[in-house]
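Below: one structure, written as structure tokens.
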Amino acid sequence: MTKKILVLPGDGIGPEIVTEAMKVLNVFVDEGSLNIEAEYAHIGGAGYDAEGKPYPKSTQTLAKAADAILLGAVGGPKYDTLDRPLRPERGLLAIRADLGLYANLRPAILYEELASASSLKPELVANLDIMIVRELTGDIYFGQPRGIETLPNGERRGFNTMVYTESEIERIGRTAFDTAMKRGKKLCSVDKANVLETTELWREVMIRIGKDYPEVELSHLYVDNAAMQLVRAPKQFDVMVTGNIFGDILSDAAAMLTGSIGMLPSASLNKSGVGMYEPIHGSAPDIAGKGIANPLATILSVAMMLRYSLNQPELATRIEAAVKQVLAQGKRTGDIYTEGCEKVDTIAMGAAIVAALRS
Ligand code: NAD
Ligand code: IPM
Ligand code: MN
């Protein structure tokens with residue numbers, strides 16, 4: 001059956017990396033092992049430029065009909081002074097909320113060829129394989145009230161609300177426990193229960209649903225300690241589960257352990273298995289248009305799409321093997337470059353993955 005893929009390149013390096021990722025996906029179409037229909041639409045600043053909104057209605061209609069979505073990145077300095085509802089980031093939050101993509105899986109895996117590109121010593125990251133399960137449609141990102149108001153004395157006050165309902169915590173908790181059951185059966189829940197009531201409830205719910213998963217070893221860390229442990233001894237972790245804001249921050253930190261933020265893919269899933277796939281990094285305005293961005297996080301996001309939404313685990317494994325093979329050939333974009341390797345640009349990296357898949 002033909003699957004509908006919606007492609008949302010977005011802003012900055014988004015179009016550059018998505019172009020390479022689509023070449024990779026099309027290898028399978030060309031060889032006859034995948035049947036897809038790809039449509040393109042605007043999101044983020046590109047949506048604002050084309051239609052005046054970061055999540056245009058036309059994009060929404062296509063998104064609701066898609067089996068899977070591939071997204072590049074959104075945002076850029078040119079949009080930073082727009083009214084907040086018009087900003088690119090709001091478009092991303094809107095599509096996540098609109099499709100109910102509450103479960104964000106962010107795997108941090110070290111390809112052994114990149115051990116020397118990691119910010120940690122090789123022995124601390126050898127065989128690193130962590131799955132961060134980040135809640136994606138709640139927390140301080142969406143809580144009301146929010147805003148900036150002027151006080152009677154003329155001073156302005158900014159405010160946001162951290163909020164989670166028990167059912168929101170429970171559903172992401174179940175995703176995390178189910179994930180742990182398929183892996184090393186260790187789950188670390190990250191919160192700030194010593195200070196924040198929202199996360200006190202978070203911890204309570206995690207402990208409660210943990211009773212349904214007696215085989216999973218559940219532990220808890222405060223987020224400050226979790227950040228420290230991630231850079232002290234990351235291999236103690238198997239699956240981590242946390243809220244939207246903590247997960248955002250911890251996954252960027254975890255990315256560096258694998259060599260670069262340009263290596264981390266993600267899957268954002270809803271109840272019905274529809275997924276959006278995107279690298280965890282942003283639009284990288286500092287390198288946009290230079291053709292040097294690392295496309296591997298986006299290419300690995302395509303692998304996650306094949307695994308989680310298109311029911312093609314073998315094709316996913318082939319992409320991951322191709323990435324490994326190309327890294328073993330010594331090819332590196334600038335962000336993962338170390339001495340003695342061959343520096344390649346975005347297009348050459350994409351072409352190398354395509355060649356590895358075809359060989
Ligand atoms: P960023 O992730 O875009 O960039 C951080 C640093 O990492 C930069 O030095 C960048 O050059 C580098 N980097 C990121 N991806 C790379 C890649 N694939 N290859 C090589 N280097 C890479 O974060 P930022 O600079 O804080 O944010 C820039 C813009 O992106 C902002 O507008 C922000 O809101 C947005 N953003 C979007 C997303 C998303 O679309 N999911 C995620 C994060 C940030
Ligand atoms: C991410 C990004 C987004 C987030 C921003 C751009 C809204 O940082 O996908 O990690 O904070 O979720
Ligand atoms: Mn982020």
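Just so you know, glycine gets a Cβ as well, placed from its N, Cα and C.
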TODO: Quick one: which of Arg84, Arg87, Arg106 does TrEMBL put in the substrate site with Arg96, Arg134, Asp224?
DONE: Arg106
Task: Where Arg106 (substrate binding site) falls in three-state DSSP terms - done: strand
Task: Candidates near ligand 2 among the binding-site residues Pro88, Arg96, Asp248, Ala288, judged by a Cβ under 6 angstroms - done: Asp248
Task: Sequence-distant neighbours of Ala284 (NAD(+) binding site) in its chain (C-beta under 8 A, six or more apart) - done: Gly12, Ile13, Ala73, Ala293
TODO: Anything from the binding-site residues Asp80, Arg96, Ala284 with its Cβ under 6 A from ligand 1? List those in sequence order.
DONE: Ala284
Task: Close-lying recorded positions around ligand 3 among Tyr141, Asp248, Ala288, where CB distance stays under 6 Å - done: Asp248
TODO: Select the closest residue to Asp248 (Mg(2+) binding site) from the following binding-site residues, measuring between CA atoms: Pro88, Asp224, Ile292.
DONE: Asp224
